[in-house]
């Protein structure tokens, strides 16, 4: 097992490309649509959207299938509403996009704060669950095992991003996409072969394995201990939150134009659809084969349907292969997250907080590299501290935060003329505050065995998923904030609208002669930094 | 950044950038007032709204059925496959179908207009 870990580590290192300064964030925006499509897929498939989605089907049957449908649909929303305007109006970060028509400093600071909080939640949740899961799979002893896994992932992520920048990260993600596909195809293949390639028989076996529950019909999540709207809230959050994941933003910006962004999302959709269809089969297969022998994984436990099934169907070799793929997945996802978080910190937060002037290019990349190291260390520490606790609240917090505090200002700023800085700040800070407060008083934090504080009980909010309240709140606060303040800038909205729809003035791909090297001319600088010279 | 620039070495770079920004802002205003842009905006908004409503509407209907009228989705179709599973599979395939429509619609109806506006924008900057 350790051997295959080493092999995959080497492969992921080979995927690393040469290192130049200027392409650290977006690899000169020169990736092709298929490459970016694969990389988007590789970034998207993290613990929650790959392993936990499989678990959802294995545990909740039909209602889990609805969760998967929500994940796929979120890409439809991204294709329609997010990818193209973002490519046309963005340079590197959320703050860059918003500041096309807003006051730079406050909006940048807000965007950076929200993004970094989201980043922290995502990374901690990923690291903790990966640490537990991999240690369990590799039979590492309990306190040391997860610790080692988390530190290994953190270290390798730093190395990938530090040396490879966006280019290295992207190739790791592409490799990861291919490996993930290999795992699902092998698992689903063996599974179907056992059931004579008859899907109906597989489903029947799954239903027979749990005679008490009707897993092929809706109801396991709807009818459970809480109100059906809790699950509706979960689905809504999934559709809207995954459509606007902040660390996918930077991926839309690694291609030459909006047309390429559109095509790469389309590629991702075509990859994700068969992947999830196979994952549904795997989920039902896990129910059919495993329930009888072991308990299936539950929320917050360190087991997962996909690796359990791998061990059951292919023994140690297949389990080792799956473990290594999960390991590379973690590195790919963490590298993508860290790159975009570093961009956020160096471009949006550092100039507004630490210094008044933005950095020049060389020192910005230097700061970005240091940020990567610091973030990864902080993240690893955080994950180690949370190792013994339930992290369900983080999973519920992160996507909800995205949907209720990042999606509203983005959509408003592209499509609503009246929108202004006050509205942007209200929807970002307000949406985030509502989400955090609601999650804090929800059953994920207190009042139950799977909560962060199982002994205390201050769960005043009845549902585990708060999106159904916090997402409208984010939009509403953006609206109220806007109409409370009279300022409105039609000139800047003209720029935003024309740019979003046509790409006029959007940051172009760098022509080969400009790539690398110092920013020597005004033209180079403009090409590299987008049109607007920052405040 | 060092600033040995292409042409206007006399003006300090910061002022030049400011002048450039003001100039461009007016170009955007002019472009936005143009007929091409109005057509593009109407077309794209109408299309995006329709597609988004269809996409999310289909999902909302399915979820509503699953939550409040599960009987319909439980009806057997063939073997162990029921209506609900077929509907869910349909939902999962829906974005893929949408992406085909989207690429085609955008490249035929939206991109030519956008390209024309972009060209006149770039033309005005020279």
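Glycine too: its Cβ is placed from the backbone N, Cα and C atoms.
TrEMBL labels come from automatic prediction, so no person has curated them.
Check TrEMBL against the ranges A:14-32, A:90-108, A:147-165 and you find transmembrane segment recorded for A:147-165. Annotated range for transmembrane segment in TrEMBL, selecting from A:195-213, A:347-365, A:423-441: A:423-441. Annotated range for transmembrane segment in TrEMBL, selecting from A:304-324, A:367-387: A:367-387. Of all ranges given (A:65-83, A:483-501), TrEMBL attaches the label transmembrane segment to A:65-83.
Counting Cβ pairs closer than 8 Å and at least 6 residues apart in sequence, the transmembrane segment (A:171-193) and the transmembrane segment (A:33-53) reach three or more and so form a contact.
At the 8 Å Cβ cutoff, the transmembrane segment (A:269-292) and the transmembrane segment (A:33-53) share at least 3 close pairs (sequence separation 6 or more) and count as touching. Sequence-distant neighbours of the transmembrane segment (A:231-249) (same chain, 6+ residues past either end, Cβ-Cβ under 8 Å): 40, 43-44, 49, 63, 66-67, 70-71, 73-75, 77-78, 81-82, 86, 90, 93-94, 97, 115, 118-119, 122, 221-222, 224, 336-337, 339-341, 344, 398-400, 402-403, 406-407, 410, 463-469, 471.
For the transmembrane segment (A:367-387), the most Cβ-contacting stretch among A:65-83, A:147-165, A:423-441, A:461-480 is A:147-165 (pairs under 8 Å). Only sequence-distant pairs (6 or more apart) were considered; of these, fewer than three Cβ pairs between the transmembrane segment (A:461-480) and the transmembrane segment (A:33-53) are under 8 A, so the stretches are not in contact. By the count of Cβ pairs under 8 Å, the stretch nearest in packing to the transmembrane segment (A:147-165) among A:33-53, A:326-346, A:393-416, A:423-441 is A:326-346. Below 8 angstroms of C-beta separation, residues 5, 8, 11-12, 24-25, 42-43, 45-47, 50-51, 92-95, 111-112, 115-116, 119, 122-123, 126-127, 130, 133-134, 137, 149, 153-154, 156-158, 160-161, 164-166, 168-169, 172-173, 175-176, 179-180, 246-251, 307, 359, 364, 367-369, 371-372, 375-376 of the same chain, each at least six residues beyond the ends of the transmembrane segment (A:326-346), sit close to that stretch. Tertiary neighbourhood of the transmembrane segment (A:423-441): same-chain residues 98, 102, 106-107, 110-111, 113-114, 117, 393, 396-397, 400-401, 404-406, 408-409, 412-413, 458-461, 466, 469-471, 473-475, 477-482, 485, selected by CB-CB distance under 8 Å and a gap of 6+ residues from either end.
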